[in-house]
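Participant: Relevant sequence annotations retrieved from Swiss-Prot are reproduced here:
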| type | residues | note |
| --- | --- | --- |
| TRANSMEM | 33-53 | transmembrane segment |
| TRANSMEM | 77-98 | transmembrane segment |
| BINDING | His83, His182 | heme b b562 binding site |
| BINDING | His97, His196 | heme b b566 binding site |
| TRANSMEM | 113-133 | transmembrane segment |
| TRANSMEM | 178-198 | transmembrane segment |
| BINDING | His201 | ubiquinone binding site |
| TRANSMEM | 226-246 | transmembrane segment |
| TRANSMEM | 288-308 | transmembrane segment |
| TRANSMEM | 320-340 | transmembrane segment |
| TRANSMEM | 347-367 | transmembrane segment |
Amino acid sequence: MTNIRKTHPLLKIVNSSFVDLPAPSSLSSWWNFGSLLGICLGVQILTGLFLAMHYTSDTATAFNSVTHICRDVNYGWLLRYLHANGASMFFICLYLHVGRGLYYGSYTYSETWNIGILLLFAVMATAFMGYVPPWGQMSFWGATVITNLLSAIPYIGTDLVQWIWGGFSVDKATLTRFFAFHFLLPFIVTALVMVHLLFLHETGSNNPTGIPSDPDMIPFHPYYTIKDILGFLVMLTALATLVLFSPDLLGDPDNYIPANPSTTPPHIKPEWYFLFAYAILRSIPNKLGGVLALVMSILILAIVPILHTSKQRSMMFRPLSQCLFWLLVAVLFTLTWIGGQPVEHPYIIIGQTASVLYFLIILFLMPMTSMVENYLLKW
């Protein structure tokens, strides 16, 4: 008798995706982050759902409802901090996942890569909107500053900003719609994840060598299920440690002050995972130029497949490209640091230098280095 998991209309989809899926035998721990992102998404949706049961999206009561969740709801503090720090873990895994794709040339699967970029934008939008509901000082001013950037769009900018705000400033209407979208977007993200996996399973996984692995495949279960479970344990231990020992480590103290439109915080800055893009935005004195640079800092990933000039897919055997890749990582760390600093000397010039380097490495240095490596291969 044939196993039910191979014949049942629903189970056979699960079976072909997570059990009998042929996977390359050489996958390293860098391939764990896809499943870790799935766990993060699950944790965020569950904790968010329970938080939404006690939260009120009204400017008069929003801040107090979050306080009520932390003080009066059973394990409400745990839900709140799991949700806030879960977002940080989500972005850590997300950036490592994208970095893995860049290093090992996974971007040559263009459909999977482009859906991934859409996912990145969707998750960033979700996280930005999720920063507003606590209705603290940084929630209010962060929303005001970032949405106000859209006013740089010629002709329609001002109308667009007022349309998003639902008035002439960030107020009750803005909070309500941001909360509604913050609730809705994770489900759209889940749908996009399924499309992402669909395209991935059309081609099969890449591997560290970048060489086709068709002759040497192993079943996903039990080999990679066990490997993924180890990843889950490591990540959930890190998340639990963060939540239980220093839940406010990555947050902003200003968000414990209720939103006040008449008092501006000394340093308006987004959450740490947006600081690199914020630094690129601030490094350009022109408003429209800054907004374009901000969008391009992420959208540049879409042209990475076009810029691939190497005869090898992966960077595993390309030491010159490896040096550039790790320089890019250092530049991103520098931008993240600069994004959290005040706009004054010497931070301005450091931020501008790092921003130029970021685009220079991706657009020019990496393709040129790949061509040099191709030439060296002839020797």
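In case you wondered, yes, glycine gets a Cβ from its N, Cα and C as well.
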Participant: Looking only at residues six or more beyond either end of the transmembrane segment (178-198), which have a C-beta under 8 A from one in the stretch?
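Facilitator: Counting only partners 6 or more residues beyond its ends, the transmembrane segment (178-198) has Cβ contacts under 8 Å with 17, 37-38, 41, 44-45, 48, 52, 55, 57, 112, 115-116, 118-119, 122-123, 125-126, 129-130, 132-133, 143.
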Participant: Between the stretches 33-53, 113-133, 226-246, 288-308, 320-340, which wins on the count of C-beta pairs under 8 angstroms to the transmembrane segment (77-98)?
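Facilitator: It is 33-53 that shares the most Cβ pairs under 8 Å with the transmembrane segment (77-98).
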Participant: I want to check the contact list for the residue listed as 'ubiquinone binding site': same chain, sequence separation of six or more, C-beta distance under 8 angstroms. What comes out?
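Facilitator: Expected: Ser16, Ser17, Leu21.
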Participant: What residues elsewhere in the chain lie close to the transmembrane segment (288-308), defined as a C-beta under 8 angstroms and at least 6 residues from its ends?
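Facilitator: Contacts with the transmembrane segment (288-308): 98, 102, 105, 107-108, 110, 113-114, 117, 120-121, 124, 149-150, 152-154, 276-278, 280-282, 355, 358-359, 362-363, 366-367, 370.
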Participant: Can you tell me how many other Cβ atoms are located within 10 Å of the Cβ belonging to His182 (heme b b562 binding site)?
Facilitator: 21
Participant: Using Cβ atoms only, which residues of the same chain lie under 8 Å from His97 (heme b b566 binding site) while being at least 6 residues apart in sequence?
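Facilitator: Residues satisfying the criterion: Phe33, Gly34, Leu37.
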Participant: Which residues in the same chain, at least 6 apart in sequence, have a Cβ under 8 Å from the Cβ of His83 (heme b b562 binding site)?
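Facilitator: Same-chain residues close to His83 (heme b b562 binding site) (Cβ under 8 Å, separated by 6 or more) are Gln44, Thr47, Gly48, Leu51.
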Participant: Rounded to an integer, what is the Cα-Cα distance in Å between His196 (heme b b566 binding site) and His182 (heme b b562 binding site)?
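Facilitator: His196 (heme b b566 binding site) and His182 (heme b b562 binding site) have their Cα atoms 21 Å apart.
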Participant: Let me check the 10 A CB neighbour count of His196 (heme b b566 binding site). How many other CB atoms are there?
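Facilitator: Counting Cβ neighbours of His196 (heme b b566 binding site) within 10 Å gives 21.
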Participant: Work out the three-state DSSP category of His196 (heme b b566 binding site).
Facilitator: helix
